[in-house]
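The domain 'UvrD-like helicase ATP-binding' annotation in TrEMBL covers 147-568. Residues or ranges marked as ATP binding site in TrEMBL: Gly168, Gly169, Pro170, Gly171, Thr172, Gly173, Lys174, Thr175.
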Amino acid sequence: MLAQGGGGGTHQNRSERDTFAGMYAERLGRLWAVENGLCFGRLDNADQTSLYIGRIGLADDDQRRLLIDWRAPVAQPFYGATPAASMGVTRRRHLQTKGRQVIGIDDDLLDLDSLTEEDVSTLNGEAALLASIDARRTGRMRDIVATIQSEQDRIIRSDLNGVLVVQGGPGTGKTVVALHRAAYLLYTHRERLARKGVLILGPNLTFLRYIEQVLPSLGETDVLLSTVAELYPGVTATVRERPEVAAVKGDARMAQVVARAVRERQRVPRKPVEIRLDRYTLKLEGRVLDAARNRAARSRRPHNEARGIFVRHLLNALARQAAHQIGKGTIDDDELADIREELRTEQPVKAALNRLWPYTTPQQLLIGLFTSRERLDYAAADLGEAERALMLREPPRKGENWWAASDVPLLDEAAELLGDIDPSVLRAGAWMAEEEQAAARAAAAEERQHQLNYAREVLELTGLSEIMDAEKFAARHLNDDVYLTTAERAAGDRTWAFGHVIVDEAQELSPMDWRMVMRRCPSRSMTIVGDLAQTGSSAGVRSWGRMLDPYVAGRWREEHLSVNYRTPAELMTVAADVLELVGPGLVAPTSVRETGARPWAASPLGSLPELVKAEAVEGGRLVVIVPEASAAEIGELVTRSVDGAVADRGASALDAPVAVLSVADAKGLEFDAVIVVEPELILGESPRGASDLYVAMTRATQRLGVVHTGPLPRALARLERHRIT
Ligand SMILES: Nc1ncnc2c1ncn2[C@@H]1O[C@H](COP(=O)(O)OP(=O)(O)OP(=O)(O)O)[C@@H](O)[C@H]1O
């Protein structure tokens, strides 16, 4: 019918057809995504019934349940039943499949009478779990739906409402649990969350690539994955800045600095303002300006929205003065209004009003602030001289990408205080400088092109490209919110309020980041996962309580994860010594397995290429973790001498057999083997160097080596000398 229709039919027919095509394509996509390991478990109950557990629920034509969705309440015993609390289950069976074939079965007997003491304390589906965590890594995180452990299940199914903090050491499954929680919440609260959406925040784009397949494999696609740096629509924050600069800009005091920068735009000049018109000269005295400004400020409206009040007040004052000057002693309201309207269009009046209370965008405000010593002195008077100096920058050059991740929450803060500019003013554009107008036009053209490309992709994918024109499709559908998914709509709207927000690697967020994230979630339904021992950023979180108190004092709950599913015990013993440097008495998570592979140390740095090659032969994915300052140099050394190695922090780092990354870029990721280079430099590189080294030492699932030039830090004394050195 579609082919026959040739894109014809009534508008309504076409819309229905598009909607159905979209619906089926989505359903098909979901079924493809869950095909792998579709059914992974069976529960045998004491009442002789059995249930099969899978990634999604399926029923036959007679509505008999064939497969239970893992998130359904009846599936919960699959994760929660223990010999001591069997929940009516006598046996839990784990099924391993390849394609549609069962290749392994592993049973947990939960009938206490038939178990030995050792059986009672076993992990849930131990064989399946160990097979899963021992498997080679693919560069992409997989779901763990078949082997979720009961401490993790409790977190996944925890109540939707309120703020839940999940604190846990490296490899304890915080990320994977957070993703399963997203899938569980979407399933259980479908209506509420489908409308408002779920936002998942991760530390960088590589990390988002690393996790992006987990939710589709669990049958969920409509979730917005983002970094904090991407949260301000229209701004791409790619500038890398020094940690000390990011630390100042992330400090909570910056909220005041931005507020003062806005007030600076409303400052009344010391001298009266003269406005020369053809027939007379008008004068605005300080007290008139003060009164106008106070009236606008008292409205408590944001800057751009309060401007109307300020302007009205001044125009009234100017009109009265003008009437006086042209010899009109008494004047009625209508006459005053006429003069006011006349004055409003006079160029010198407009120019004076623009100077006194300029329309301002968040971008203009911050560029103006960070490129002017005087403005910084005024707005950041409460900060130290050195802190102000750190923020001072050159203005952007033409086409230069000027924004860093730490600017994003400041832009967001500014947008709150500045408010919207009237669309008709925006369209007229006259208030903008010429280059800004050109930039706005270029951005609009780019957006149109982007929509056109997207329309072409959609039409190709749905096989409709022959019969529908991409331009028309874009015009008809892409400007129309109805056709966008919740996640797509949310991504383009700064003021979107999400139904639930999940923050991963949450320890890295600065106080200013938190202000922005909290604005996206007024309901405070949040899952915050992180590890305070891994905080690398100087502006990052030191205490969950101190971070959360300004928002939900005393109204948040905390769960702990304590078992490390990633790092073998041999590696964790050394990492635990580094953890002592982070904070005496901190306890590392317990590894779930030993591998027999002892971590080693070797020197000098020149031996690195040979050591990398030797490790690469063992197979799997290998990462070389280096100090930030020597990333380029060591990246060059490794890529020059090892085939297939990359020193790029983009997605290729996940796909290459060997990658060179800094600690910040390796955060949250894992690899089969890790070589840490110059640990003493990593320790000394920042005030949180010990945390960084701890992160580096806990990325491997199998093997770990350290290559160094100077003396080995004392915390690494347990490493074995490598036999080739
Ligand atoms: N129940 C489980 N079954 C199988 N694998 C698991 C389970 N729990 C965690 N894992 C695996 O353990 C590894 C570590 O998990 P994850 O990355 O979520 O840990 P994390 O706590 O976020 O670590 P980090 O703090 O170091 O970033 C992953 O490969 C994950 O798939």
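Placement of Cβ uses the backbone N, Cα and C atoms for every residue, glycine included.
Keep in mind that TrEMBL annotations are predicted by a computer and have not been checked by a curator.
Feature map: TrEMBL annotations on the structure.
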residue : record           : Cβ neighbours (10 Å)
Gly168  : ATP binding site : 23
Gly169  : ATP binding site : 28
Pro170  : ATP binding site : 24
Gly171  : ATP binding site : 28
Thr172  : ATP binding site : 27
Gly173  : ATP binding site : 25
Lys174  : ATP binding site : 25
Thr175  : ATP binding site : 25
(message) Residues other than Gly168, Gly169, Pro170, Gly171, Thr172, Gly173, Lys174, Thr175 within 8 Å, Cβ to Cβ centroid, of the ATP site?
(response) Asp531, Leu561, Asn564, Tyr565, Arg566, Pro589
(message) Looking at the domain 'UvrD-like helicase ATP-binding' (147-568) alone, can you tell me the average pLDDT?
(response) 88
(request) Would you identify the secondary structure of Gly168 (ATP binding site) according to DSSP, in three states? (result) strand
